[in-house]
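Per Swiss-Prot, these features apply:
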BINDING   Gly12, Pro13, Thr14, Ala15, Ser16, Gly17, Lys18, Thr19  ATP binding site
BINDING   Thr14, Ala15, Ser16, Gly17, Lys18, Thr19  substrate binding site
REGION    37-40  region 'Interaction with substrate tRNA'
REGION    161-165  region 'Interaction with substrate tRNA'
REGION    244-249  region 'Interaction with substrate tRNA'
SITE      Thr103  site 'Interaction with substrate tRNA'
SITE      Arg125  site 'Interaction with substrate tRNA'
Amino acid sequence: MSVKPLVVSIMGPTASGKTAAALAVAEKIPAEIISVDSALVYREMDIGTAKPSAEELAQVPHHLIDILDPLDSYSVMQFRQDAIRLAAEISARGKLPLLVGGTMLYFKGLKDGLDALPQADAALRAELDAEAAAIGYPAMHAKLAALDPITAERLKPNDSQRIQRALEIIALTGQPMSALLAQAPKTELPFTLLPIALEPSDRSVLHTRIATRFDAMLKGGALLDEVKALRARGDLHLGLPSMRCVGYRQSWEYLDGAYSLAELRERGIAATRQLAKRQLTWLRSMDDRHIIDCLAPDASGAILQQIEIAQNRA
C-alpha cells in the first residue's frame, strides 16, 4: 500500500503571522505555499489584503494568489479542486505543500468536501443583493433564521457574504445549507493532512497587531488610493465578493461620504477584529488541530517540530 504524501496546513486568524511562519518553515524545508485566502486570489488588491510582498513571493513559490479579476468569484469547490491538484504537483516535485491562510470555509471544504452544495447563481445573487439593499442584512439574517436556524445561529447579522450564500442555497435547492452539509459524503483526501493552528495566547496582543496593521494600510493614503483605482474601473460594486473584503467595503463607503476618516479607521479595525473572532471560532471546532501560540518567539520552530514528527510517523 502506497503512503500518502504529507500536506501541512498553517491556519490562523488575521494578523497571526501565518505568512512569516510559512516563509520561515520554507527556509528549512523545500516547500511551496498554496494560499488559502479568499481575498488574495484577486489582482489589483494588494494593500487591503496584506498580500505578501514581491520579495516574499520570490522567496518561495506561491499559488492561488493574483489568479482572478475582482469582478469574478471563486467558490469553495473551485478552491478544493485547485488545492488538491496543486498539492499533488508540489509533492511530485519532491517538495512539501504548505496550505497557508485564514479562510476557514476553504479549509473545511478541502477536508470535508462540499459536493452537495450548488454553484453560485449570478442572477439570484443580484436579487438577494437588491433585497438586502432594501431591508438590510440584519433582516436578511432574521429571514435565514426562519428557514435555516442552524446556519443562522453561527452567523453574525452583518456577515453579508455567508448570509447571502445560505439564502441562495435554500432558493436553489429548497433545502437548508445545514441539512445539505450533513448529507454530503465524506470524500477522502489523496494526502495526509497535518493541521496546525496559530492561535494567540493573549487576544489583546492580536488586537494591537490588527490595529497597527490597519493603520499601516491607511498610512499615506495607500489603501484609499487602491480603492479609488478599483472604483475608477466603473465595473465594480459593493455586491461583489471582492469588494466585501474587510477594509475595502469600509474604504468604499468612506469614499461615498458615508463617514469620516476616523470612523473608517474605527470600522475597519472593528471589522478585522470580528473576522479574527470568527476565524478562532472555526478553529476551535477543529479538534484534530495542533495549536501553536502565534505570539511565541519561535512559532516557526514549533511548526517544524510538528512536521518532523508527522514525517517520522509516515
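Each Cβ is built from the backbone N, Cα and C atoms, and glycine gets one as well.
Recorded features from Swiss-Prot, shown on the structure.
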residue	record	DSSP class
Gly12	ATP binding site	coil
Gly17	ATP binding site	coil
Thr103	site 'Interaction with substrate tRNA'	coil
Arg125	site 'Interaction with substrate tRNA'	helix
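Apart from Gly12, Pro13, Thr14, Ala15, Ser16, Gly17, Lys18, Thr19, the residues listed for ATP, the same chain places the Cβ atoms of Gly102, Leu198, Cys294 within 8 Å of the centroid of those Cβ atoms. When the region 'Interaction with substrate tRNA' (37-40) is classified with DSSP, helix, strand and coil residues number 0 helix, 0 strand, 4 coil.
A gap of 28 Å separates the Cα atoms of Pro13 (ATP binding site) and Arg125 (site 'Interaction with substrate tRNA'). DSSP labels the residues of the region 'Interaction with substrate tRNA' (244-249) in these numbers: 3 helix, 0 strand, 3 coil. Reported as a whole number, the C-alpha separation between Ser16 (ATP binding site) and Thr103 (site 'Interaction with substrate tRNA') equals 13 Å. Counting in whole angstrom, Gly12 (ATP binding site) lies 29 from Arg125 (site 'Interaction with substrate tRNA') by their C-alpha atoms.
Those same-chain residues not listed among Thr14, Ala15, Ser16, Gly17, Lys18, Thr19 yet with C-beta within 8 angstroms of the centroid of the substrate site C-beta atoms are Gly12, Pro13, Ala20, Ala21, Gly102, Leu198, Cys294. Comparing Thr103 (site 'Interaction with substrate tRNA') with Thr14 (ATP binding site), their Cα atoms are 9 Å apart once rounded. Of all Cβ atoms in the shown protein chains, 27 besides its own fall within 10 Å of the Cβ of Gly12 (ATP binding site). For Thr14 (ATP binding site), applying a Cβ distance below 8 Å and a minimum sequence separation of six or more within one chain yields Ala50, Gly102, Ile210, Val246, Thr272, Leu275, Ala276, Gln279. In sequence order, Ile10, Met11, Gly12, Val100, Gly101, Gly102, Leu198 are the residues near Lys18 (ATP binding site), counting only same-chain partners six or more apart with C-beta under 8 A.
Less than 8 angstroms from the CB of Arg125 (site 'Interaction with substrate tRNA') sit Gln164, Glu168, Gly239, each of them six or more residues away in the same chain. For Ala15 (ATP binding site), the same-chain residues that are 6 or more apart in sequence and have a Cβ closer than 8 Å to its Cβ are Leu206, Arg209, Ile210, Arg213, Thr272, Ala276.
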